[in-house]
Amino acid sequence: TSVYIFDCFLIAFFFFVCADVLLFTVRSFLVTILSKSHADHNVYPSAGVLFVHVLEREYFKGEFPPYPKAGDSSNDPITFNTNLKGYPDRPGWLRYIQRTPHSDGVLYGSPASEHVGKPTIIEITAYNKRTFETARHNLVINIMSTEEFPLPYQAEFFIKNMNVEEMLASEVLGDFLGAVKNVWQPERLNAINITSALDRGGRVPLPINDLKEGVYVMVGADVQFSSCLREVETPQNQLRCSQEMEPVISCDKKFRAQFHIDWCKISLVDITKVVPVHSNRPDPGTGVLPDIGEYNPPSESLKNRDYFADFLITLAVPSAVAMVLFIILAYSMCCRREGVQKRNMQTPDIQLVHHSSIQKSTKELRSMSKNREISWPLSTLPVFHPVSGEVVPPIHPDSYETTSMLLMQTQTNLQNQIQIPQQQSSGK
């Protein structure tokens, strides 16, 4: 009976495990089918108008299959990789930014008129760094033409207290366009492009005092520039800009509450007065090399080559030159020495006498240093005082230890010991 109960328990456990695995497989398959069902997303931006598309992390979290290990799935680090379908990178007009894996990614740019009517398929791949899962879908950008493109009057502002992802937010961009419209008073006003200051050669700011990178915002309108925008072109403001001082702009207070604009970097362009420059560009071609047939390798029957001449040029000639130089150096160093006798014959006698006396004095000092018990030199014997006639004691008496006495110190003590007697007056 116990064996029968144990077998039933094993069979039930086996069916339970199989059902769990089957349920997990079906759930993963359904999630994958759901992900593929809404993989393609179509957008319709206008040429010459800023295009912004946000890659929301919450949207991609539902496309990842369930992960068996416990964890906070709402805070998974997710990064994105974007590229033109069939190519390793995005189109030249389209940029992408994502600060951290816990923030949304943003695609932004300004399509040109030559892109109208050409669907641009962008492959977006999301990476979940906690579960190591990936999800991919396509973004189809259908660029539409507009009658307002291009707007004839374009102004580019440099905002110092904003980063590009902050400026791309719809609320912030709307506030800025509202401030510009209040100053410019146009009928039509559009944001044309947004560029980070880093893409213009700016430096990454230090992480102190909440410094920002800065962003360039280009807007276009259908009316002439207002007097406030042209104030920066006055000679007084141009002089202040050349001295790195802020110009005096009357409408700056309408931006100062939220946007800090560098008025010295504002650019006003009237495209109706710009002379177009047409350059003849070469035809880029298809990018495929022409078919020149199959590769024909060289024949196996190669001619024999004599390497003896190469050997002479490579080894024999340098060796011969080195040997000649060695013989010349050996002859100069060994065979042309004058010798001591010839040197003495060419030296004056007085110089030889001086040299001989120096050598004798040196030998005497060295021999005295080796043997301290020999007689004292004449300089240490008792002498007579030239004035009084008294006998002056020697510098080094026999009782002194001369080996440990310094010469300068001994002469100093001698001066202290010798007292020249004063001459007595004639009366005494």
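Even glycines carry a Cβ here, placed using N, Cα and C.
Some features that TrEMBL has for this protein:
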type	residues	note
TRANSMEM	12-34	transmembrane segment
DOMAIN	42-150	domain 'Dystroglycan-type cadherin-like'
TRANSMEM	311-333	transmembrane segment
Below 8 angstroms Cβ to Cβ, which residues of this chain, lying six or more residues outside the transmembrane segment (311-333), approach it?
none
Restricting to the domain 'Dystroglycan-type cadherin-like' (42-150), report the mean pLDDT as a whole number.
86
Give me the DSSP three-state residue breakdown of the domain 'Dystroglycan-type cadherin-like' (42-150), ordered helix, strand, coil.
11 helix, 43 strand, 55 coil
